[in-house]
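Feature annotations, reproduced from TrEMBL:
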type: TRANSMEM; residues: A:12-31; note: transmembrane segment
type: TRANSMEM; residues: A:43-64; note: transmembrane segment
type: TRANSMEM; residues: A:71-90; note: transmembrane segment
type: TRANSMEM; residues: A:96-116; note: transmembrane segment
type: TRANSMEM; residues: A:128-149; note: transmembrane segment
type: TRANSMEM; residues: A:169-194; note: transmembrane segment
type: TRANSMEM; residues: A:215-236; note: transmembrane segment
type: TRANSMEM; residues: A:256-282; note: transmembrane segment
type: TRANSMEM; residues: A:289-310; note: transmembrane segment
Amino acid sequence: MKTLRNLQGPALTLTLLCGLWLIVILGLLVLKPSVYNLGTVTTILQFSTILALVGLGQGLVILAGGSGIDLSVGGTVSLSAIVGMLGVKLGLPPVLLPVVCILAGAMLGALNGWLVNGLALLPFIATLGTFFVYSGTALAITGGAAQAGVPSWLLLWGRGVAMGIPVPFLTLAIPCFALAGLLLLSTAWGRWIYAMGFNERSARLVGIPVDRVRFILYSLSGALAGAAGLVSLAWLGSGRPNIGQNLELESLTAAMLGGIAITGGRGGVGGVFAAVLLLVTLKTGLLQLNINTVWQVGIVGGLLVFVLLADRLSQRWRS
Amino acid sequence: MNAVRQLGNGVFSMNGREWSLLVACLLAIIIFSVASPHYATSGNAATVLRNSVELLLIGLGMTLLLAMGGIDVSIGIVMGLAAIAIGRVLGADGNPVLALVAGPVVGALLGCVTATVVVLGRVPAIVGTLGLLGVYRTAVFVLLGGQWLSGLPASLTNLLATTVLGVPVPALVIVAAYLAVWLALRRTPYGLHLLAIGNSEEKARLSGIPVIKIRFVTFVISGILTGVAATFYVATYRNVEMTIGSTLALDAIAAVILGGTSILGGKCSLIGTVLGVLLLRILQNGLLLIGVPSLWQPVVTGVLIIGVLGFEAISNRFPVVQLLRARA
Amino acid sequence: MLSQFKKALAVSVLSLVVATAAHAADKHKVAFVPQLIGIPYFNAMEAGGNRAAKDLGVDFIYSGPVDTNPVDQLQIVQNLIDQGVEAISVSVLDASSIAPVVESAKAKGIKLFTSDSDAPDSGRAVYVAQATDEGLGTTIVDELVKRVGEDATIGIVSGEATASNLNAWIGFMQKEAAAKYPKLKLLAPQFAGGTAERAAQISGDLMAANPDIKAIIAVASSTCPGVAQAIETAGKIGSVIGAGYCSPNTARSYLKSGAFGFTVLWDPEQLGYLTVWAGKQLIDGKSFEAENKIAGLDKPVTYDAAKGILLLGPPAVFTKDNVDKFNF
């Protein structure tokens, strides 16, 4: 009975998100019919890619419980992009750029995993520390200067559009979400993640390798942030040392809006995907109506509070 | 149990972490004094202390929040909103007394708003305050309307720049705030209840502690302290800009964690928070003095957090250290 | 603001029928995207843009990011392109912040150009400049040398390390110092981000580290209050002078207290006017003359065809003697 009730949480959030999304779309239709074309879809997906990748990693880390959170994702995006570009500058063959970015991200994530597992630091503290270190290092080693020199074939990938869908979204974000969804729903690993998020002690008792899973998830979150760094390179054409600014808070917002419980064990990646699209659609809609951007942060924040309260209230009604 | 044991602490009595922080501060001061001839001057000491005022006040409130298992990531922007209120009062007729009241009042009101969402709405504090962070930021933008409050009258500045018996007013206010929070924490049922909630909210509720009331009040206290910080901010800069307070929340959390307060709640150290703030400021100041570019300062903060907590985690595993500690 | 609020509400809550006034479809549209909204400087540009829009009979759209984040800026530009705004001007955070959309703008026949901060070699149609980067960098150094002499140490406090226009000015300051004043010692630039607090902290540290410092340059307008405050509280008025690129309104009280010697700036209202005029000109397919007389501007505007730069004129220097004549 209890598990059944818990399953209703994400479903409720997902319905709520889809409803809100429809409202935004309908609202736009009424206020500004001209936005309905393929270009708008392309724009929305283009600006969703980085947040989607980072939000996925954030969501998985939180889902696995143990007070899991990754505040360093923004710093990881910046630093892995910078490491990649500095590598090219130092004579690394540009062909390796994608590998270097993702690998750098994975290693930065692995460091988080080690701090959490090996040193038993609380995730909030460990990743707050690495947030300062990663984002600070990216700025300090470049002195703030953008790093140019992205090879043109990478730009072709980063700025390409196929059937109205940006190529990075098609080839990176969608497969990542599909794989993660598959992993969670139909593999032992997925069940482990939910189990340890729901109750870590009993997960350990039944022999789930909790530490190993957690370490891999932090590394994965780092690798996804590294991939987001790569997307930023391929899209902007240069490495910006502050490209990941605010992503820690935005990804947290997406994961929470997407119905992942902050205590872990509840939620899914489908909700995160929907939340990212909702957030970007909302921003796009407000921009298309030329509403002052100061309202964006407030509306997103208010939305987060609203969804959380709705979730709480529905739980109270049911019990 | 934990809470009861801590009740015995004196106003400034210290444990292991706090001693290490004090030693770290002194060590840093000695090293910087040797490395730079300009370090050990009264002017520089005043600079460091002056730059710690807002963070100290906000840190005290954050200590209480973390000790009961809460957090507030919107606190920097709360200071911004309080500063706008102070600036408006000051700009209207330059009355410094009214301005003195405005900060704490607005801080308390916003504390009520935050508490309503987080405590009454039963939303996890970190996510709830994250949402409010966005709402408050929009409020700052809308209230300022793109213009900064610039060139505010100096009446408040002059009032707070005076000394009483040779002690500057900011120092007096900080000591008073420290003593008030310490008394509340260590000498009243409130403090006992707060730490009990931090240890286990469920158990606290079962043992009849008014959990909701205590948590609500704590957010309000944190708001009031932030309002006082805003008063000093406006008095110092006579300017309120749009980006006000945007980095304060994370800095305050970092300092409190460094000071030995557990973010899981139940364990709290006021003197540790003070030392944590001072250590951060001493390092930032000293490194710039010996020629390290300011861009490295966040990196130092991060390394310090990981280093101090990591070192403690490792040292706890070696029986020798524990033995030594037990004997000491 | 109220109608915006209504619009915002309509989107988020969908009160379906709050249909706003129909757009005047036949008017040309010109947009300006600043680096950051909510600061007085860009607000003044918006005011100038509005005045030009009225004079020239176009619609003017002003929209910018709330953080200095290139992706947010890019998103705003992309949405303006999607809306079919005919001329879009951007004060770029960095050349890369418009690179991905230059092609799609060209494909749609939209005139994308820069204003206030340039992205050379990006394929932009024109750059509307307040003054040359070189002129800004050298003016401030020359003016400072007039006041403190050649044999002096000067500190630099900037805002975001990633702002390419600020970094260009600093580069020209260093070049000018090296070429003309061999005895002048320009310290390495320090970066305070967007907050006045950090600027004050860093300026205080700089003065402690270099007791012989004669002046501090506040490069970003958001660092002016912090630098001035640090000089005031350190009691160094008279021995250290502040200078920077900030508006008369922001700097007025500091100029009068003596914490600031002078500030260098142009009239951003005029720059905003020129930006919209240039957009209208591009839409109409008219080319720029070597010297353009524009009805709404005080002085004629020169055009450098080789570099594609439309120049407002030399920067103005504001001191305590002339600051009261200006209000922006």
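Glycine is no exception: its Cβ is also placed from the backbone N, Cα and C atoms.
What TrEMBL says about a protein is an automatic prediction, not a curated fact.
Taking residue pairs at least 6 apart in sequence, the transmembrane segment (A:12-31) and the transmembrane segment (A:256-282) share three or more C-beta contacts under 8 angstroms. With pairs at least 6 apart in sequence, the transmembrane segment (A:71-90) and the transmembrane segment (A:128-149) have 3 or more Cβ pairs within the 8 Å limit; the two touch.
Contact count against the transmembrane segment (A:289-310) (Cβ pairs under 8 Å) is highest for A:12-31, out of A:12-31, A:43-64, A:71-90, A:96-116, A:169-194. Against the transmembrane segment (A:215-236), stretch A:96-116 shows more Cβ pairs under 8 Å than any other of A:71-90, A:96-116, A:169-194. Taking every listed stretch (A:12-31, A:71-90, A:96-116, A:169-194) in turn, the largest tally of C-beta pairs under 8 A with the transmembrane segment (A:43-64) is reached by A:169-194. Beyond the ends of the transmembrane segment (A:71-90), by six or more residues, the same chain brings 50, 54, 57-58, 96-97, 100-102, 104-105, 108-109, 112, 124, 127-128, 130-139, 141-142, 147-150, 221-222, 225-226, 228-230, 232-233, 238-248, 251 to within a C-beta distance below 8 angstroms of the stretch. With a threshold of 8 Å between CB atoms, the same-chain residues lying at least 6 positions outside the transmembrane segment (A:169-194) that come near it are 45-46, 48-49, 52-53, 56, 60, 63-64, 157, 162, 203, 208-210, 213, 217, 224, 227, 231, 265, 268-270, 272-273.
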